[in-house]
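> Before we start, here is the structure in question, set down as structure tokens.
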């Protein structure tokens with residue numbers, strides 16, 4: 001029972017309120033007074049009658065994933081549904097309705113929908129986009145809302161603008177997306193067949209023409225042989241016509257469409273104009289020239305029984321027998337072979353050769369293996385020798401020749417490659433130096449000694465005469481450096497003169513340098529070594545050639561050689577002096593030059609190691625240690641004694657070297673190794689007491705090293721006779737190489 005509305009029985013609803021404002025519910029919109037605050041609360045924020053409060057927070061929990069907006073999270077993601085709709089066809093006997101298949105695309109980024117109908121052959125209706133992409137509203141009475149993803153399912157109808165679309169299936173992406181959203185998908189439905197389309201298919205299947213239409217399909221040939229061209233080298237003899245001459249042509253056959261084109265190879269200075277093409281690209285008929293045809297005579301197909309209006313859409317029948325059709329024969333790839341003569345619009349062209357690709361094509365397609373080329377080019381006439389005017393005597397011959405080769409004179413070009421290869425490199429001077437004597441009857445000039453230098457960089461020769469005491473001749477430069485002509489040549493001639501080369505200089509050679517005869521009697525060690533290292537350039541220093549000459553002696557001379565060696569070496573030591581060896585070879589009938597004899601002696605000489613002065617080595621070592629202020633000799637004694645387990649006063653060379661390196665002994669490796677070898681005993685162990693005593697510059701100083709005691713490279717060699725480098729010859733080794741096996745001299 002309710003309480004009566006008396007004072008004290010009613011509840012004051014304003015108790016505890018602090019807001020009593022009124023919301024604006026009425027306003028003008030486009031000049032019309034209307035209610036605009038349907039969503040606004042009443043006085044003090046209380047809800048009006050019939051209003052429901054909107055939840056401040058969602059009832060659904062926040063899921064995992066990115067918080068990106070829908071237009072970014074679902075960009076380029078579209079749901080695709082297969083659907084159809086029935087369209088009524090009034091006033092037609094063949095069909096009452098039409099089943100039209102379509103695709104429904106739902107764009108997740110903005111909930112827009114697009115309906116597209118695929119194109120079907122001979123449908124007779126416009127197809128494509130039926131409903132453009134936009135948001136489609138729901139049917140009334142909810143037309144204020146739009147379709148979203150929850151309104152779509154398989155085997156379900158949707159209504160777009162009063163047209164029912166039956167969704168039958170969807171693609172895998174759509175299916176997975178809907179399942180992940182929790183949508184329970186219906187089983188797929190089948191699309192009913194269109195009655196009229198079925199009838200048309202039955203009629204087309206029953207239609208059997210009397211003959212199949214001729215199909216002209218060149219796409220396959222184009223796709224298989226595109227950019228493949230056969231190249232042939234041809235010859236056309238046009239010498240019978242006036243002002244005609246043989247022509248050289250290049251034929252290109254395009255496999256993509258069986259067309260040809262030809263180019264003419266115009267030789268230089270032929271008097272003919274160069275044209276872009278000799279024959280434009282196109283099919284070449286075999287029986288050319290052909291008469292001109294009327295328009296319509298040559299067509300792809302023959303049309304018979306034309307009736308009705310002529311033009312587009314008019315009926316016609318094709319002639320299956322091709323009565324009266326003109327057939328033209330064109331050249332194919334099978335007609336183009338080497339040796340074949342083709343008719344190029346009345347010109348007989350001979351195919352003489354082809355390139356590698358063309359040969360491979362015919363080999364793979366036709367099995368042709370032999371491609372004999374036909375020689376059609378006449379041998380070019382010999383070029384006339386260029387007449388050069390004779391040398392006038394002014395300047396060098398090279399300079400005069402360059403001035404005759406063009407209107408603008410140019411300086412002669414030097415051999416830059418030879419200059420870079422033979423130029424001086426460090427101590428390698430690439431200069432061959434010989435000792436020469438003047439060939440004259442004057443007793444004063446006979447004793448004069450000359451240094452003849454040959455520079456390999458530019459084949460120049462310089463002669464220097466070293467001064468001799470009490471000779472009465474002032475030494476110095478005898479011949480300026482330059483190229484020297486060989487004797488017996490004319491001065492004023494058109495041909496280039498011959499100059500002395502490096503092969504003309506060897507020990508024993510006679511040279512005529514500017515009308516002055518010289519004989520080369522000796523050379524320095526670098527010259528001998530260089531000529532032996534480049535034996536292919538210097539035959540006088542080729543040991544193989546020299547031995548072959550010695551092998552060519554007769555058997556009597558071989559016995560003479562053996563007897564000479566036996567008499568010269570009674571002790572059978574296998575060696576003899578070089579002078580005796582030289583006398584023996586000079587008497588043989590093999591015509592060995594002095595340089596060849598000296599080369600043979602250098603190869604089979606007995607090498608003797610030069611004695612090293614220990615005092616000089618110790619002086620050099622103490623000088624280095626003194627400059628570096630090295631005084632750790634007592635510590636080194638302790639280190640050597642610690643390593644000497646047997647207390648014998650000796651250590652191996654390896655252990656001594658390790659200790660010296662540990663104390664950073666400031667000596668070079670070569671000097672340290674030589675000192676350790678000198679202080680090694682018979683057991684190849686180092687007497688470290690003697691070694692340390694020898695290098696101790698504090699307690700045992702040795703005399704300082706004098707400048708004349710040091711070994712230097714004599715760059716200013718003056719031709720003095722040094723100590724002979726070859727003293728003794730190992731003739732036993734020589735006999736073994738010459739006669740093929742070691743020979744017992746005493747038995748012979």
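Residue positions begin at 1 at the first shown residue.
Each residue, glycine too, has its Cβ placed from N, Cα and C.
Feature annotation from Swiss-Prot assigns domain 'DM10 1' to 75-182. The domain 'DM10 2' annotation in Swiss-Prot covers 226-366. Swiss-Prot lists 428-535 with the feature domain 'DM10 3', giving sequence analysis as the kind of evidence. Taken from Swiss-Prot, the feature domain 'EF-hand 1' covers 556-591. For 631-666, the entry in Swiss-Prot reads domain 'EF-hand 2'.
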> Take the domain 'EF-hand 2' (631-666) and find every residue of the same chain, 6 or more past its ends, with a Cβ under 8 Å from one of its Cβ atoms.
624-625, 672-673, 676-677, 680-681, 683-689, 691-692, 695-696, 698-699
> For a three-state summary based on DSSP, what are the helix, strand and coil counts in the domain 'DM10 1' (75-182)?
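Helix/strand/coil tally for the domain 'DM10 1' (75-182): 12 helix, 50 strand, 46 coil.
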> Per DSSP, what is the residue tally for the domain 'DM10 2' (226-366) in helix, strand and coil?
13 helix, 47 strand, 81 coil
> For the domain 'EF-hand 2' (631-666), DSSP counts of helix, strand and coil?
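Counting residues by DSSP class gives 21 helix, 3 strand, 12 coil.
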